[in-house]
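K.L.:
Pasting the relevant annotations from TrEMBL:
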ACT_SITE  C:142  active site, proton donor
ACT_SITE  C:303  active site, nucleophile
BINDING   C:103, C:141, C:311  substrate binding site
DOMAIN    C:6-380  domain 'Glycoside hydrolase family 42 N-terminal'
DOMAIN    C:393-600  domain 'Beta-galactosidase trimerisation'
């Protein structure tokens, strides 16, 4: 398998290059990514190309037997371009032009920038395509990151109106589907339609959702432009990927992935503003999202954190063990290559404090040793591990349009999409049950249970699919605020949960936004949760069961006894409705019961210990990662004898994993 | 009496209209307000009018025997207008043009917009004036709300300078009265005078106060323009009103009310950002402000909350009982008509989550039933109740110019005008003593006691009036920071409380801003408060009594023993000075004593239970409202036998009102 | 000595002037500062000068035997100028033009404004130079204060690029030294280089530091322009000064001081937003900074707070005693003249609530009496006191470039430069050990110990100087993050502490940013601190000692036992390295030990009691200030008999100073 580093030869003297390559070889590195911020060097003035620096360094990597992934440099248009074509600059949500001086200072809607992009990408493709070290390409870098997903300038407004015209054909359609009779917004020319710049109150939520869709489409078109420009020149053997981030941007990674050979991910469990890493389940969820973005392939981690990170603020210093742990976690959940960010910390520029495997002084120390240990541990087994299957019994619905719709109308100050999605993901993670991240177009028949959380904005056709699935014996779990909106971000006129009411077997006659410092109390009244109490935050749907049975009720003042969680039997299947933001402990109990009921097997581990199974053709893999920084974990292994390939040591039944320990175990299997 | 709903026929298919009307009849509704956001529909392109939609729906209401109030649609200029005349858009305090996309996106100072307003308003007046269902008009909607009261663009600057020229005549006058020698601001041409856009420090407070006055006058002129345009066409029998909000805007509702037949109010005890309703006294204060705005008439509640409200954030869900309670509270304090906002929640647009009597699904449920109960309870008695008198023994001074002056210079980070006004209002509310909100022009001889809180900016002539009033036996209560400023927002050169010192009988030689987490301790030393201790927040005046006696002193370090509260006898009357932001419990005691002294009778009720008396020609009314969401209240009734008209039940001496219960009782009286 | 007031005759009627002068005489005032905001009055329209107002008032002061300091009025360009030359207005960091309406609404980079400045300053110099009352000049007022230090408009960009061209000569140099290959920022024309307006991420830290240097230089040039303009006309006998503030501005006071005869300071231990004064050590540090700014002279406090201060928010009311205490503290630490701000509170303008010796009513009361007492107490002794020496055994390194570099990259959310500098200054203050604020150009041989805190950005030549100093027997104290950057704000490629590692005798192999609510625990293992535990905040360097010995270690999880504080012996001297933000109590112990070791004598006083020694030719002075507002302090006096000049009272060995008391004691000495 490929294990590499992100390398910036342009930031070091040429005399350093061979030393770096030599040290990388010592480490066991076999691939480097480079050039993604190199436009200034490659096109020194308009139309003058000079690829000699990268030629030279690539030749050296080639001689060292290492592979190269080249980035197209479009995330950072050079100063001469901004001077000559200031119209390429984006405009922020306050109407302010974003200055040159950092990165992503362009709008994908600029026709000028599209042209300049095509030229540099083609020039690179043409020049480098035959280089023997070159195995593939990364286009641009972290599309849309750092608020660059939405731009509000005149070029953007023009493109938005064209997009609307393509989508709706006529203004009558726009007016009707957005409900512009509200607040006298009936548009009589396309030019009247604004991009959502500041108003005294709030914009029409249907306009806002379409603006997000437009922004995502604009990036999709721009990505395709890059891919097409490359493919004009490069051989099929070279892959094209992009290193995505997953943080609620107006971006549809899955759609964009159709144009890519596989997707990549930049994995930073901790960053500049953070005093500690995000929860293990949050990282796991992002990795599962990666695996689900282009299900037919694996993905690369194109930037895997290897040291403390930050710009003017530095975050938590990863502890001894974290590097291996996060590497193993990524591979466990589908990564087939790991590229560490970065080889060595830069001495200048905004990212001076993005620490790498080496610090500024270039002296190999702890992080170097840890990286070496990881690479060695994967030497014999890595290639087999990454080809083993991650087999999930559970589908977990994730849809960017719902994320955008919730961002437009969070409804409670306690609502945060990623956090609430995590609320309903985390119990599956805790029981070590693999989940696939799916959309409405997935083949859901393969799953025993589907969790469809926060299904606020309904998607055409998905309801019918779920109904068939449940009738055929599947289990579906819905959460609060299901079925509220149609695809135009308009509220249903049916009683909630709208057209899903029959499936749920209950109606919602009242509901309430639960705000900061407030909560409701619920109590289980049936099944595994009976007698268990919990706080409910963020939102409460007060359910009136019809065919459904009540699993939990509210225990608060005026809503006392109203149903909070229900379970309905439909055909051969089951439908759960979790009506409020229930605390995690309660959900552990509920989920375990649901899993048992649906025939989903769990693997019990101590708190903070993650265990992931991958099944190969003739052997099974279990990776175990103890995210706890202080406590060792006593692990119960699945039946049989397990071998640790790195040491050849055998394990059976029980073992103890130290704090921040991680381990890969293999078992030969019959099939 | 009129009880109605806010209705938006344009948001529903025509097929729904008759069903809605039918259901409204079931409920007992007799009036609807409509059309206030309908400009796009009524003037589809510049100069092309089409009133057919509202003609149709008004005909249907007419046939159903229901009355209609029409709104002029100027709160939402249509997209075609913003496209053709972008100069109508307002500019926010940061100098940023406010985009189309929501509402109130115009500045009243735009001459273009004034012309466009006159045209649409005249066109509506001309078209609808003879419609048999039409009883009156609401001009625009919530003037100045949501920061639209102040606009900082070039049109505004031009108008501001003209306003200054009219007010001051010469630049010499401006320079002198603003003190522009400070910081070298001597203006030598009108064009040099800025609107208060961002500076590094802070603007001249005299300019700021004049800017607020100018903004208020600009809205007054704009309101008059609308009224004049309507009156050109409509008969005298049709009223003209406007639905005000009272939240410290640069607006003088009382002045504007002179051009209106009566004023209206939009009553939202809870809104988007709120986890619970504002305190009952805060709602009461706003309702008293409404009654005081145009004292010779009653007022309408043109929007009375009927469900959970909010845009992208939803607030507290009103509990069973709240709808009746808030309706009764409004009528108790002078409302003569209630229009519920809104008939049914909109499925689209920014206000999707402004819930109405019906939710999006249109199914009558709890809120429908509660509304029905309220309307039925008022069926026989409502008309008599609203004509009974609210007789107040107390005048409570409220003046927008003081509110603006305090907003310009809060002096302590703990100062909030509405909250501090409430501090001195709340004890009267708690003792169920009715108060009239008055200005300096009021006939104060009718009151036994006048509370003049936060009288920071003095008003010409008011002092002499108060002196005469006190000498004749009246009681006046002042609070901290009295008499500091003249009408130009200039500090007096007399020792504080300035020219009021003789009346107060004490001087202030030191004072202090009390900031967050700090407080002083005071202790009563005389009369009812003797021995009682309290915290004092926000501000401390350290008083040096001359003729006054000391009721309370500070008990803190270096100011130990200095006077905090004084009482002076002048002629036949009394003057109190409350020198600090005393905690409420202490004020209860003090107020009860002051009331007794001044011959003001109180009605004792449990905490959170409000009782209001209105006196009719031949019967008296007592409304009792228990704002407590959990505790029932045991009520001591005034002497005699009281009947609940809704049930015919009799009550004497004592009764118990459940949590959130409200009740109207009637007693036949001799006169 | 000069003791005076800031006086604004233009704010009062002429009839008041003689009364004011009379009252000032009563008080003992002998100097007034005036005219610094008087441009509007002195140049009523472009080119029309009228100095009659100040002529008149200066004549009166002359007759009264009082001296005058005139301010040049450039902090407030008049309205006519902004109207005629809008290009003089500054642009804030968001790209927004700063409006007229307050002060400092100009950019020093405006060529127009430079011309206008020269004209008014020359006109004033020419006109007033021979006035008998005139003793000196203050140019402008509080350069750069209130965010006016950095301006981001086109004039500024033009000047920035010229500055860069002067500094670097070629773009090649800029590109190399800023590392513009990072993020593709290679500039190919000067016009491409931006001023740091908003970007999505963060600007290049080398550009940011150069921008700060440029801003500081621009003010330096502007200051020189004023001084040159004045010196064209005024006699050498008249001094030129400027009233600086010290709050991390992009300003180099020391460099600017070279053009001034002495510097002045505006001393506000409490201001608008503050609920209590800043800590005594913070005021002391600022006063020491003043003394260090131009070491060969004393300095004036040109504005010494005399009452509660603020614009729209008023701060803490100084208590009885504070006025004397802060006056004594300033003189103790080098002030040779005190000018109180201000004579009387203004009745109008933004600074209405900047209270003076007199309040708005002009009635002398407590503050007047306290001022009188201070002045009287200094009558005989003041002149001798201010000429006595402040002799410091300790040098404390302070460098604005480091402050800017830290502001650009604070690295931890807990880092605040002034607060962290205070952390390492405060123990010296607590032990009453005088320190000199020094730069790298200081003659350090005279000190027994040098504290070089937060030495993040290294300065050329300083290391060699320190090495020589240590080898010769000196002691140097470094703190965390020493030696990280070169002068271009580039990270060293040596192992930290970079080229200082040999001196420190230890290396830093790992380090960590400690964020809010987090901390590490350290424990002393050797010497005076052995066994003492403390929390460490903000930052942790984990030290690996080479020749150094370990004084304290971390006692936390994975870094347990790593060195936190080290001490190295080099030649005859010692080098300490404090690797983390240790709590003050621990530092008290450590510092006392270091002082003892280095032969620095301390004076022990109770907490919050400050004692400062100044040595005259034939007498010594001890000033004692009890900053505690509640507790009296029992003081141990230095040996011998001490006299209080104001009372003639004798003190020996021990005395008690009441809360907020301050006292000056004198002792005749032999030499």
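Positions of Cβ are set from backbone N, Cα and C atoms, glycine also.
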K.L.:
Residue C:311 (substrate binding site) to the residue listed as 'active site, proton donor': how many Å between their Cα atoms?
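P.N.:
Checking the Cα atoms of residue C:311 (substrate binding site) and the residue listed as 'active site, proton donor' gives a distance of 16 Å.
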K.L.:
Filter the recorded positions C:141, C:142, C:303 down to the ones with a Cβ under 8 Å from chain B's Cβ atoms, keeping sequence order.
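P.N.:
Near chain B: none of C:141, C:142, C:303.
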K.L.:
Excluding near sequence neighbours, so keeping only residues 6 or more apart in the same chain, what lies with its CB under 8 A of the residue listed as 'active site, nucleophile'?
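P.N.:
Those within reach of the residue listed as 'active site, nucleophile', by Cβ under 8 Å and sequence separation of 6 or more, are C:6, C:243, C:266, C:267, C:268, C:339, C:340, C:341, C:342.
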K.L.:
Which of the three DSSP-derived classes (helix, strand, coil) applies to the residue listed as 'active site, proton donor'?
P.N.:
coil
K.L.:
What three-state secondary structure does DSSP assign to the residue listed as 'active site, nucleophile'?
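P.N.:
Once the DSSP labels are grouped into three classes, the residue listed as 'active site, nucleophile' ends up as strand.
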K.L.:
Near residue C:103 (substrate binding site), which residues of its chain come within a Cβ-Cβ distance under 8 Å, counting only those 6 or more away in sequence?
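P.N.:
Long-range Cβ contacts: C:37, C:75, C:76, C:141, C:146.
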K.L.:
Tell me the coarse DSSP state (helix, strand, coil) of residue C:311 (substrate binding site).
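P.N.:
Its secondary structure by DSSP: coil.
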K.L.:
Can you tell me how many other Cβ atoms are located within 10 Å of the Cβ belonging to residue C:141 (substrate binding site)?
P.N.:
22
K.L.:
Assuming the binding residues for substrate are exactly those in the record, C:103, C:141, C:311, what is the maximum CA-CA distance in angstrom, rounded?
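P.N.:
Taking every pair of listed residues, the largest Cα separation comes to 17 Å.
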K.L.:
Please report the number of other Cβ atoms within 10 Å of the Cβ of the residue listed as 'active site, proton donor'.
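P.N.:
Result for the residue listed as 'active site, proton donor': 19 other Cβ atoms within 10 Å.
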K.L.:
Averaged over the domain 'Beta-galactosidase trimerisation' (C:393-600), what pLDDT does the predicted model reach?
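P.N.:
Computed over the domain 'Beta-galactosidase trimerisation' (C:393-600), the mean pLDDT is 97 on the 0 to 100 scale.
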